[in-house]
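*Asks:* Pasting a structure below so you can have a look.
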Amino acid sequence: MKKLVMIGNGMAGVRTIEEILKISQNQFEITIFGQEPYPNYNRIKLSNILQGDTSFEDIIINPIDWYKENHIQLFTGESVTHIDVDSKKVMSDQGREVEYDDIIIATGSNSFILPIPGADKKGVTGFRDIHDCEMMIKSADEYKKAVVIGGGLLGLEAARGLLNLGMKVDVVHLMPHLMERQLDSTAAAMLKKELEAQGMNFLMEKESVEILGDERVTGLRFKDGSETEADLIVMSIGIRSNTDVARRSGIYVNRGIVVNDFMETSVPNVYAVGECAEHREIVYGLVAPLYEQGKILATRICGVVGEPYKGSVTGTQLKVAGVDLYSAGEIFEDTTTKAIKVHNEFDGVYKKILIRNNTVVGVVLYGDTKDSTKLFRMLTKKEDISGMTSVSILQSEGTGGSDDVSSMPADELICGCNGVTKGAIVNAIQTQGLTTLDQVSHCTNAGRSCGRCKPVVSQILAHTLGDKFDAAAATKTSLCGCTTLSRDEVIAEIKEKGLTSIKEVMNVLGWNNEEGCTKCRPAINYYLGMIYMDAYKDERDSRLVNEKMHANIQKDGTYSVVPRMYGGVTSAADLKKIADVAEKYNVPLVKLTGGQRIGLFGVKKEDLPGMWEELDMPSGYAYGKTLRTVKTCVGAQFCRYGTQDSMALGIALEKKFERLDTPHKVKMGVSACPRNCSEAGIKDIGFVGIDGGWEIYVAGNGGVDLRPGDLLFTVKTEEEVLEMTGAYLQYYRETANYLERTSKWLERMGLDHVKEVLVNEETRKELNERMNQTLKKYTDPWDEAIHIEEIQDKYYAKHTIMVGSDRK
Ligand SMILES: Cc1cc2nc3c(=O)[nH]c(=O)nc-3n(C[C@H](O)[C@H](O)[C@H](O)COP(=O)(O)OP(=O)(O)OC[C@H]3O[C@@H](n4cnc5c(N)ncnc54)[C@H](O)[C@@H]3O)c2cc1C
Ligand SMILES: NC(=O)c1ccc[n+]([C@@H]2O[C@H](COP(=O)([O-])OP(=O)(O)OC[C@H]3O[C@@H](n4cnc5c(N)ncnc54)[C@H](O)[C@@H]3O)[C@@H](O)[C@H]2O)c1
Ligand code: SF4
Ligand code: FES
């Protein structure tokens, strides 16, 4: 097999790998380096996250198990620093060297940061990745006033997000009108009016010259001497191709890495794709052309004869609620163009179509973008419109309903991001028996990026299926692409038909992929365990990779070992054992974890069973969808403020619920007084001691989606705490989607509803009975690995291959 290395784990690069895998599954041994510490995610949706429409977990495109399933070695949080093009090797910032036969550079872009005094102060950021997005969300918690520099697509989407987060927002723009690359002055003025009505304040034609403040930003000064206050400054004034590695490695770079029509760089076997690549002097900054490039590169690299890349015409839309605009091609009239313009001020609609030599060369639409696909088709196909009148060009083909899609030609582009036509969608629906939007997206890619084409895809689905179309079923979220059934339907069928194994579920319920996938297999395994309590035999091989190994895989392929320390309490004897094991096995890192225990990092797979045996401590399940830790403060036993025994409660909780399978990880915290030293307010379940009892907080989250817990109930005794916790956890287990954190689950179910369920004594009793029956089945997995040779051979022998890390 040839060795293929890819630098950059972003949208264009990983799509190229998907295209390669479609052509050939076993031509390459693939290694990917990604600077960011995540699997491939949908960068486009960072705007939606900032605007509060989605969560970080929902924007992962290819989870870690996808890489594993496709035998891709992934190094996250690791940058390639140099390519030695003579010896065909890459070097990483962590000293790793990997050989290649072919290499793809897909390093994307960086935000352009204005080189003005103060640009390095705290509170100044670009808007490019999850880290930037997190920083903005955190700032909005603490500060009030944001300034966005740049009134382009990115700046306006950022500004809308910051408004949603409760900040006051100024948008500073250099030019006389907004989005001057996409809109003419009329459309830009309409946009500005709408955004002002939404609460944005615009400072137009302002040149920023200095960022004010000491350590952190306090304001921004302009060339005309005026100033504006700022606690946060977001620079969205364009991007610059990330060409550092290529430049350092002697590959020809202009604005981007220069490639020919087959995405080949100046050096043999070195290719570039995405925003880092410059093709015919153009560097693209939207996914549609980058995905086209990816397709062409995939055929080239697989040795398949294919079309060359000839460049792309792009169309853009702004992802801000209440704004409907579209722009493609040219936007300004000149002596060679004729324009058709409609400006209906009353309805807030503006349309301008630019025509040259009887073909459409530019489109600007504001307020009504229904005809954007038709006009984009005319533009890209250079359709001769000499036989048409201005009215027929501008006239909407209908009202946007399914009648309209019937009159669309098969080659009309429906999903601009992914280049999917109506014909391709209809064909997939008919030949593969698709009935839901999810399935169409899975099979054709339509809707997988910005998502704005989903309503039209849905209309095509309705029109193609005719009477067989079931609107409720079509929009429901199926468990995964292997089935049309939702989570609730699968569970109902399991119960009704008495299905008892994953295979049986898939066979009886007509899975379209007999092996299932990384999304449905662990989910069904969990649901079966939840339904059949102690009777179900767990299918270990269907679990996510870290759970299968009972250890977290680290980015370099080694593992971590975190033994249980109930309530964060340890002893001299346990500490000695840990120290001995760390010394004997040359453990490179011994570290206190955030959950009050000790982690041994960098352990070789084959050393795991031996270490576990010598430790002789239970698994801390630091890798599992289960109870992770119960963090406690010292409480009434030692602290003078403590009103309750937090350590004893924490230990009792951890001993009772350890190993329990839950839809996602669960963390608890117990503080003995409202000073809350164990941060119980940001745990899935947190307990705060008060005079005469405990407050129980639920659905807190201290991770990516920061959320304070809600007060569920106040109870008097430790027994009541355990009873309420049992009932709450069991209700979560029975009603949550697999991989849904308690914070998301509670928001979906509603706090009042959950309270109503749990306040009923009879219901609480039943939930606890089912919980207790389930708890009977668990044994310690490390103990099993020590004593069962078969398990040692299968999972921990040197030759078995595991990839990446499951970060969730
Ligand atoms: C907030 C936001 C909203 C957007 N909205 C839209 C939209 O609505 N529609 C649209 O079409 N486009 C949109 N875009 C643009 C789109 O996201 C990009 O065009 C696309 O992500 C580019 O893909 P890429 O693979 O070239 O680069 P990226 O997705 O940036 O991936 C490059 C990856 O390479 C990594 N990397 C860089 N150097 C190294 C190295 N030396 N070693 C290892 N890894 C490295 C980077 O960390 C990065 O993860 C948006 C962008 C942003 C930021
Ligand atoms: N909806 C979408 O399609 C979408 C959304 C977000 C980002 N993106 C992409 O992300 C990339 C980055 O977007 P962007 O908006 O930063 O880039 P951009 O180049 O499209 O726009 C930058 C804007 O900043 C203005 N500007 C430049 N210097 C300035 C200064 N000193 N002060 C004030 N304003 C200044 C420019 O006049 C321009 O309007 C682009 O490739 C864009 O296509 C697309
Ligand atoms: S939470 Fe209260 S009781 Fe516990 S350590 Fe802090 S101050 Fe002491
Ligand atoms: S148009 Fe963006 S996902 Fe379809």
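Glycine too: its Cβ is placed from the backbone N, Cα and C atoms.
Unlike curated records, TrEMBL annotations are generated automatically.
Computed from a predicted structure; not experimentally measured.
TrEMBL lists these features:
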type: BINDING; residues: Cys633, Cys639, Cys673, Cys677; note: [4Fe-4S] cluster binding site
type: BINDING; residues: Cys677; note: siroheme binding site
type: DOMAIN; residues: 3-279; note: domain 'FAD/NAD(P)-binding'
type: DOMAIN; residues: 316-382; note: domain 'NADH-rubredoxin oxidoreductase C-terminal'
type: DOMAIN; residues: 413-462; note: domain 'BFD-like [2Fe-2S]-binding'
type: DOMAIN; residues: 480-528; note: domain 'BFD-like [2Fe-2S]-binding'
type: DOMAIN; residues: 554-616; note: domain 'Nitrite/Sulfite reductase ferredoxin-like'
type: DOMAIN; residues: 624-763; note: domain 'Nitrite/sulphite reductase 4Fe-4S'
*Asks:* Counting each residue once, how many in the domain 'NADH-rubredoxin oxidoreductase C-terminal' (316-382) are helix, strand and coil under DSSP?
*Replies:* 9 helix, 29 strand, 29 coil
*Asks:* Check the DSSP secondary structure of Cys639 ([4Fe-4S] cluster binding site), expressed as helix, strand or coil.
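*Replies:* The three-state answer is coil.
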*Asks:* Out of 3-279, 480-528, 554-616, which stretch touches the domain 'NADH-rubredoxin oxidoreductase C-terminal' (316-382) the most, going by CB pairs under 8 Å?
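*Replies:* Stretch with the highest Cβ contact count: 3-279.
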*Asks:* Same chain, not part of Cys633, Cys639, Cys673, Cys677: whose C-beta falls within 8 angstroms of the C-beta centre of the [4Fe-4S] cluster site? Give them in sequence order.
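*Replies:* What remains near the Cβ centre is Val634, Gly635, Tyr641, Gly642, Ser646, Ser671, Ala672, Arg675, Asn676, Ser678.
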*Asks:* Return the residues near Cys639 ([4Fe-4S] cluster binding site) by Cβ distance under 8 Å, restricted to its own chain and a separation of at least 6 in sequence.
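*Replies:* Spatial neighbours, sequence-distant, of Cys639 ([4Fe-4S] cluster binding site): Cys633, Ala672, Cys673.
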*Asks:* Would you say which of the binding-site residues Cys633, Cys673, Cys677 has the most Cβ atoms within 10 Å of its own Cβ?
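*Replies:* Most Cβ neighbours within 10 Å: Cys633.
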*Asks:* Take the domain 'BFD-like [2Fe-2S]-binding' (480-528) and count its residues per DSSP category (helix H/G/I, strand E/B, coil), listing them in that order.
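*Replies:* For the domain 'BFD-like [2Fe-2S]-binding' (480-528), the helix, strand and coil counts are 27 helix, 1 strand, 21 coil.
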*Asks:* Summarise the domain 'Nitrite/Sulfite reductase ferredoxin-like' (554-616) as counts of helix, strand and coil residues per DSSP.
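*Replies:* In the domain 'Nitrite/Sulfite reductase ferredoxin-like' (554-616), the DSSP-based counts are 27 helix, 14 strand, 22 coil.
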